[in-house]
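**Q** Sharing a structure below in structure tokens format, with a few things to ask.
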Amino acid sequence: MNHYTILGLSEPPHVPELTSADLKTAYKQALLKNHPDKLQEREAYTGSVQITAITTAYACLSNSKLKKEYDLSLKNGANGVKSGPGSDVFDLTELEEREDADGMFSWYKPCRCGEAGGYVLTEEHLENNEKYYEGVDVQFHEIVVQCGTCSLWITVQYGVEEE
């Protein structure tokens with residue numbers, strides 16, 4: 001699946017040109033269609049598109065520079081897989097871990113834009129992300145994180161310890 005199919009759109013070229021309003025509408029419809037709270041049966045979620053994939057697709061296609069690079073990769077037969085800046089996937093263990101005075105953990109990764117602490121992930125982010133995986137049996141979870149100073153995104157995968 002590529003970013004266009006994830007959002008329920010046809011692949012380029014688009015005639016007429018795909019507008020930002022079209023993209024935003026497709027994004028909202030994809031979120032509603034695939035959100036666990038909106039599905040009729042919890043089992044249906046396992047076959048749906050992950051919310052993080054929808055968010056990543058929208059982030060790429062709504063940025064004109066990233067969209068051009070992505071469209072070029074599709075044209076060149078790359079099927080959009082890991083194309084363009086900001087589409088890297090990392091394991092949580094690859095990020096620098098820090099603990100604050102209250103015992104809360106945060107993870108950091110430098111961004112290609114040059115910002116040393118560009119990507120920041122907190123325990124709260126991970127806890128909030130868990131609601132998307134309730135009742136779903138997967139080996140790892142993932143969350144999309146945007147750089148704090150630019151438009152690049154990464155996907156962070158992590159395992160969850162059973163309590």
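Cβ coordinates come from backbone N, Cα and C, glycine included.
Copied straight from Swiss-Prot:
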type	residues	note
BINDING	C111, C113, C147, C150	Zn(2+) binding site
DOMAIN	2-74	domain 'J'
DOMAIN	89-159	domain 'DPH-type MB'
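Help me see these features in their spatial surroundings.
**A** The secondary structure of C147 (Zn(2+) binding site), as reduced to three states from DSSP, is coil rather than helix or strand.
The DSSP breakdown of the domain 'DPH-type MB' (89-159), given as helix, strand and coil counts, is 14 helix, 28 strand, 29 coil.
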